Amino acid sequence: MEMQQLNYSLSTILEQVIITSKKAGQAIMEVYNSDDFDVQIKGDESPLTKADLAAHNAIISDLESKFPDIPCLSEESTGITFEQRQSWPYCFVIDPLDGTKEFIARNDEFTVNIALVVAGKPVLGVIYAPVLDTVYYAAKELGAHKQVGNEKADKISVRTLPEKEGNKHFTVVASRRHGLDKVETLCQNFASFDLTSRGSSLKMCLVAEGSADIYPRLAPTSEWDTAAAQAIVEQAGGQLLKLDFTELTYNQKESLLNPYFLVLGDPEFNWKGELVIPE
Ligand SMILES: Nc1ncnc2c1ncn2[C@@H]1O[C@H](COP(=O)(O)O)[C@@H](OP(=O)(O)O)[C@H]1O
Ligand SMILES: [Mg+2]
């Protein structure tokens, strides 16, 4: 499917999606500050709060009115079958509140994720962290940016691996909650590395902005957890790849679960030669 089928430019969509992500962030903050989360447990045993639903509603009503011909696939959408979405040439892929467990734990590391997927690839992504009032955004051919509050937006890019005592030194970012033992195995050939943790899509933003070198995700995620971040990482010069080093795709299969994946910074480094990929 060609890009020109979209009825809007990516810069028009990006401008609106940033506004929408901040509105969703405000809806989340109202719940965060009220102490009335009303935590329920969903069918997949993940938690759901009033904030997830308030953010979902804010995003859907905004995007449906601004871009009526672009369908929305949100973590909190129900009843959309694969048969229906299979025919979509493009769609928004939305996680209204990524890091619900971090939200409940009150550690501030949660985000609103909105991506535009065209023909299976994320071409635009916005990640907004409401407590940090920080937005990461990117679109194809427009680069990746980070903006804190009302400060000037900075262009971001992945970094070249730093050296320590003559060896490459890696900053590895990992989930607080999932797959840490497997990460240690994956990194066993690194001469030196340090580990840092973040909730939600902020892990991928750390690689995109050149604060971390690799984020291995050896635990389950869904398409809305990665679509926006993949656009940002790629525009920042990095990669988000499956364990066989091929690309992740979106809205191409019935299951919305992602395979395990690697987020890689330095594009010049021989990651394939250095990582110990689990079976
Ligand atoms: N068993 C599972 N299946 C699918 N996704 C899972 C999962 N366990 C965790 N996740 C995903 O991992 C995300 C949190 O990752 P992390 O712990 O790295 O911050 C969750 O985002 P949500 O908070 O949006 O549900 C959820 O989507
Ligand atoms: Mg999520």
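Positions of Cβ are set from backbone N, Cα and C atoms, glycine also.
Annotations in TrEMBL come from automatic prediction, not curation.
According to TrEMBL, the feature substrate binding site maps to Glu75, Leu97, Asp98, Gly99, Thr100, Asp225. The secondary structure of Gly99 (substrate binding site), as reduced to three states from DSSP, is coil rather than helix or strand.
Residues or ranges marked as Mg(2+) 1 binding site in TrEMBL: Glu75, Asp95, Leu97, Asp98, Asp225.
Cβ contacts within 10 Å of Asp225 (substrate binding site), excluding its own Cβ and spanning all protein chains shown: 23. Feature annotation from TrEMBL assigns Mg(2+) 2 binding site to Asp95, Asp98, Asp225.
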Query: Taking only the binding-site residues Asp95, Asp98, Thr100, which have a CB closer than 6 angstroms to any atom that belongs to ligand 2?
result: Asp95, Asp98
- request: Tally every other Cβ atom lying within 10 Å of the Cβ atom of Glu75 (substrate binding site).
  value: 23
Least Cβ-crowded entry, counting other Cβ within 10 Å, from the binding-site residues listed as Asp95, Asp98: Asp98
Task: For the recorded substrate site formed by Glu75, Leu97, Asp98, Gly99, Thr100, Asp225, name the remaining residues of the chain with Cβ within 8 Å of the site's Cβ center, in chain order.
output: Asp52, Asp95, Pro96, Phe110, Thr111, Asn113, Ser200, Trp224
- prompt: If you skip the near sequence neighbours and keep only those at least six away, which residues in the chain come within under 8 angstroms of Thr100 (substrate binding site), Cβ to Cβ?
  reply: Ser46, Pro47, Leu48, Thr49, Ala51, Asp52, Phe110
Field: Close in space, distant in sequence - Gly99 (substrate binding site), Cβ under 8 Å, 6 or more apart
entry: Glu109, Phe110, Thr111, Gly199, Ser200, Ser201, Leu202
